[in-house]
Amino acid sequence: TASGLFRFIAGLARNQIVANTIGSFFLLICMLTGGFVLSRENVKKWWIWGYWISPLMYAQNAISVNEFLGDSWNKTIPGFKEPLGRLVLESRGMFTEAKWYWIGVGALLGYVLLFNALYTICLTFLKPFDSNQQTISEETMKIKQANLTGEILEETLDTADESNGESTANNTTVNSCPSKKGMILPFTPLSLTFEDIRYSVDMPEEVKAQGVKEDRLELLKGISGSFRPGVLTALMGVSGAGKTTLMDVLAGRKTSGYVEGNITISGYPKKQETFARVSGYCEQNDIHSPNVTVYESLAFSAWLRLPADVDSSTRKMFIDEVMELVELSPLKDSLVGLPGVTGLSTEQRKRLTIAVELVANPSIIFMDEPTSGLDARAAAIVMRTIRNTVDTGRTVVCTIHQPSIDIFESFDELFLMKRGGEEIYVGPLGRHSCELIRYFEAIEGVSKIKDSYNPSTWMLEVTSAVQEQITGINFSQVYKNSELYEMNKKIIKELSTPPKGSNDLSFPTQYSQNFLTQCFACLWKQSQSYWRNPPYTAVKYFYTVVMALLFGTMFWGIGSKRQSQQDLFNAMGSMYASVLYMGVQNSATVQPVVAIERTVFYRERAAHMYSPLPYALGQVAIELPYIFVQSLIYGVIVYAMIGFEWTAVKLFWYLFFMFFTLSYYTFYGMMTVGLTPNYNIASVVSSAFYTMWNLFSGFIIPRTRIPIWWRWYYWLCPVSWTLYGLVASQFGDVTEKLDNGMLVSEFVGSYFGYHHDFLWAVGLVVASFAVLFAFLFGLSIKLFNWQKR
């Protein structure tokens with residue numbers, strides 16, 4: 001039944017955050033009206049319909065009837081005529097007829113069929129939410145069409161030629177924009193050389209089990225080369241050649257393994273702390289915060305990565321210049337969105353990725369497969385952007401996979417690798433790839449290229465492992481015996497020597513901006529993200545209002561009733577249910593938000609934009625005002641409708657405990673994401689602790705009745721402290737008498753172990769849990785990197 005219900009909710013909501021919220025609402029309805037928190041006699045008449053449709057009611061009655069009408073409970077106790085089992089059922093307002101076992105079974109089977117049928121209907125008739133892909137306004141499009149008609153026609157012709165397998169006569173598709181020689185912010189052109197680079201990882205256990213004795217698996221075997229300013233280099237090879245591995249090693253992005261060899265930046269040994277400040281890395285997966293605009297993404301990157309002495313007006317002018325360079329100006333106010341769901345198209349996201357790195361004003365840029373997943377036109381637009389970047393005098397290196405003829409020939413040089421991590425060609429392409437073709441056709445046994453054939457495809461075919469076996473040619477050895485190899489060694493030697501009068505890269509601080517600026521920038525970005533995320537913020541407030549009205553009408557006036565013990569149990573039940581469901585909903589809905597932002601954090605941290613602490617502080621701080629408003633909305637509505645005593649002190653304590661309870665639940669959800677590799681595991685881990693918190697909250701089993709060997713966990717359970725504070729603040733000082741003659745405060749102290757004079761300590765502990773979980777979230781963000789490269 002439960003799995004069918006959750007499938008139906010997922011099909012109805014069509015959004016993870018919304019589904020979590022609706023799911024929590026349905027669970028709450030089932031719990032409150034199921035006869036456990038409130039017995040059937042205490043359910044208000046306007047909510048009795050909820051009792052009869054709750055699957056939990058049928059399940060609970062079936063299980064209870066099956067147990068308490070059994071032989072072991074068929075005993076009478078002094079003073080009563082009915083068996084003990086029947087008395088227990090009657091005391092909780094449950095049915096006492098044996099037929100309710102079969103009624104419950106039948107009802108649950110019916111719900112299974114109903115929920116799965118509704119799920120099928122949702123899949124059939126409900127369409128996904130609109131993708132809302134960003135488009136350019138009609139007026140702007142007319143202007144662009146007027147200015148770029150010739151260029152678009154050229155691209156169309158190029159695409160047609162490619163489909164026929166013919167090469168175009170020129171590179172106008174990717175080189176149509178004029179060269180941009182200078183930008184408002186100067187930068188120092190830097191070269192990168194690497195010599196005898198070796199990279200290895202620990203040998204996998206399954207390989208060792210096959211009898212391999214080596215402890216390490218070598219992925220790069222003595223790679224050497226150089227990348228120079230104003231030169232666009234293609235890094236290519238078959239799958240498994242190690243091209244992305246080499247790029248990650250050179251960029252310092254590897255998080256594991258062993259690196260050997262020499263890397264220099266304009267002649268000086270590479271230091272990752274300073275290299276990250278002058279380099280950019282465009283990942284294959286375009287990772288950006290979804291709820292900020294294009295301009296805000298660039299402004300955030302420029303704010304934290306440009307030197308502190310760059311004033312805001314210059315920074316804005318530079319951002320505008322970069323947007324023009326990558327042709328994003330018409331989309332500056334568009335939301336980035338999620339890949340393939342909302343916001344920018346794939347090609348637009350690629351250009352945004354490049355722009356985010358360009359606004360840092362880097363000297364060297366690495367790009368991992370920038371045209372993958374794009375059609376010919378989109379790839380041409382991206383390559384034009386890359387060409388514009390190179391024309392500013394920067395050093396640009398791209399891994400590329402199966403490029404078209406035009407895209408391949410837009411590169412200046414090629415760094416070709418074969419499977420196993422060895423280079424087999426490092427040199428210029430030449431016009432129409434003439435230098436590359438001349439080199440390989442000069443090798444005896446290599447077949448000639450066919451007319452109009454793609455040189456990149458031919459190159460990979462003739463150098464494949466199969467061809468090496470057929471021809472007996474070791475292309476790596478051929479390259480190392482060639483004049484080209486000797487020429488490259490001279491270039492490496494020349495670039496590995498610092499120019500006269502030059503200085504090594506150095507910066508006075510680890511990051512471009514100070515700690516306070518980092519905190520302010522991260523908080524600004526989070527505020528923009530949260531404000532534009534109504535599936536999270538608006539739905540949370542809507543859920544809060546609905547929950548407040550639900551609890552208020554369900555427990556109407558119960559807070560003012562103090563005649564019997566059951567009245568106090570009902571009031572405590574309202575507190576218990578509200579804490580549990582409001583808290584779990586906060587924790588569950590914040591997890592996907594934090595999980596998405598964490599992937600962005602990994603990219604930004606690798607770029608040395610900020611330290612982990614400002615990011616964690618921004619993520620925590622932005623939640624506080626939203627939680628405060630949420631607790632205020634819920635607390636005032638519920639406090640008035642349930643009828644708790646209207647005094648300033650009692651109202652303050654109620655709002656105080658609700659605020660910090662929702663806070664520690666929210667920060668707990670964030671913490672579980674930080675401590676686990678992904679959102680799914682975080683959900684499983686947090687759910688396990690919800691169960692424990694529920695069991696040891698002090699409502700199902702009061703502290704005075706918990707076995708002594710488990711009582712230690714009661715004191716570790718944050719929900720138990722919340723219930724302690726809520727009950728003690730409302731009833732711990734009440735001197736009215738119950739129907740059994742005991743004072744309310746005495747009953748609360750003897751049965752639950754709650755004392756009003758301990759209230760300040762309880763409040764401090766509840767607030768401390770919020771601080772603790774927020775601290776552990778920040779610590780997990782700092783210590784754990786679940787991104788494996």
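Think of each number as a place in line: the chain as shown, counted from 1.
Quick reminder: no glycine exception, Cβ is built from N, Cα and C everywhere.
Source: prediction; values computed, not measured.
Taken from TrEMBL as is:
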{"type": "TRANSMEM", "residues": "17-38", "note": "transmembrane segment"}
{"type": "TRANSMEM", "residues": "100-126", "note": "transmembrane segment"}
{"type": "DOMAIN", "residues": "192-444", "note": "domain 'ABC transporter'"}
{"type": "TRANSMEM", "residues": "541-559", "note": "transmembrane segment"}
{"type": "TRANSMEM", "residues": "624-644", "note": "transmembrane segment"}
{"type": "TRANSMEM", "residues": "651-667", "note": "transmembrane segment"}
{"type": "TRANSMEM", "residues": "679-701", "note": "transmembrane segment"}
{"type": "TRANSMEM", "residues": "713-732", "note": "transmembrane segment"}
{"type": "TRANSMEM", "residues": "758-779", "note": "transmembrane segment"}
Just to confirm my parser: what is the rounded mean pLDDT across the domain 'ABC transporter' (192-444)?
92
Using a Cβ cut-off of under 8 Å, list the residues of the same chain at least 6 residues beyond the transmembrane segment (713-732) that approach it.
559, 562, 568, 571-572, 575-576, 579-580, 583, 644-645, 649-650, 653-654, 656-657, 661, 664, 692-694, 696-699, 703, 706, 744-745, 748-749, 752, 754-756, 758-759, 762-763, 765-766, 769
Near the transmembrane segment (679-701), which same-chain residues lie under 8 Å Cβ to Cβ, leaving out any that are not at least 6 residues past its ends?
572-573, 576, 579-580, 584, 587-588, 591-592, 595, 668-669, 672-673, 710, 713-714, 717-720, 723-724, 752-753
Between the transmembrane segment (758-779) and the transmembrane segment (651-667), do 3 or more CB pairs sit under 8 angstroms, pairs being 6 or more residues apart?
yes
So which residues does the transmembrane segment (758-779) touch in its own chain, when a touch means Cβ under 8 Å and the partner is 6 or more beyond its ends?
612-613, 616-617, 619-620, 653, 656-657, 660-661, 663-664, 667-668, 670-671, 673-675, 718, 721-722, 724-725, 728-729, 732
